[in-house]
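Below is one structure, written out as structure tokens; the observations come after it.
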Amino acid sequence: MEGGAYGAGKAGGAFDPYTLVRQPHTILRVVSWVFSIVVFGSIVNEGYLNSPSESEEFCIYNRNPNACGYGVTVGVLAFLTCLLYLALDVYFPQISSVKDRKKAVLSDIGVSAFWAFLWFVGFCYLANQWQVSKPQDNLLNEGTDAARAAIAFSFLSIFTWSLTAALAVRRFKDLTFQEEYSTLFPTSAQP
């Protein structure tokens, strides 16, 4: 990508899907999006069990409805956040204000770091509740693969969101330097 401000080419550039798909932060966002679908889909689909002796469903994670609720909530909100930032990535080349581009990159850093933290909390919470679950609550081992998948993809989501934050920090630093360089050495002064 040619030099621009805060991670984009020249302002007002046309949308190029090939360039968008090849960017590492876009790839990580799509992977994070898929991971969030797996987490909340696993819990919604197989995270609640029925017992013949009880009339209501219960959460597979130690009968703790808060664990299932946390996993579903974080998964759905991460899904929506990924969609929002994918839309921002598409719109980013059309942002002409350097201040607005800076705000977009800074928000990407903050939001990605925040989601990495939420996934860390979710992984710890789900893994702990799964560890203390009683075998007699699930004699047929129904939904155990889905419960383990939600825990595993919560763990993997920590890394995808952390890498997204790190890439945003690197993009911010690299392109801030480019902006300062172009201010100190304007193109009209170069031979």
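Just so you know, glycine gets a Cβ as well, placed from its N, Cα and C.
Predicted automatically and left uncurated, TrEMBL annotations should be read as such.
Here's what TrEMBL has on this protein:
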{"type": "DOMAIN", "residues": "20-173", "note": "domain 'MARVEL'"}
{"type": "TRANSMEM", "residues": "30-49", "note": "transmembrane segment"}
{"type": "TRANSMEM", "residues": "69-92", "note": "transmembrane segment"}
{"type": "TRANSMEM", "residues": "104-128", "note": "transmembrane segment"}
{"type": "TRANSMEM", "residues": "148-169", "note": "transmembrane segment"}
Counting only residues 6+ away from its ends, which parts of the chain sit with a Cβ under 8 Å from the transmembrane segment (148-169)?
24-25, 28-29, 31-32, 35-36, 38-39, 42-43, 47, 71, 74, 78, 105, 108-109, 112-113, 115-116, 119-120, 122-123, 126-127, 130
Are there residues at least six beyond either end of the transmembrane segment (69-92) with Cβ under 8 Å to its Cβ atoms? List them, or say none.
7-8, 15, 20, 23, 25-26, 29-30, 32-33, 35-37, 39-41, 43-44, 47, 61, 101, 104, 108, 111, 115, 118-119, 122, 125-126, 150, 154, 157, 161
Within-chain partners of the transmembrane segment (30-49) [C-beta distance under 8 Å, separation at least 6 from its ends]:
57-61, 68, 71-72, 74-76, 78-79, 82-83, 86, 115, 122, 137-138, 142-143, 145-147, 149-150, 153-154, 156-157, 160-161, 164
Chain residues in Cβ proximity to the transmembrane segment (104-128) (below 8 Å; excluding those fewer than six residues from its ends, i.e. six or more beyond):
6-7, 25, 32, 39, 61, 67, 70-71, 74, 78, 81, 85, 88, 92, 95, 147, 150-151, 154-155, 157-158, 161-162, 164-165, 168-169, 171-172, 175
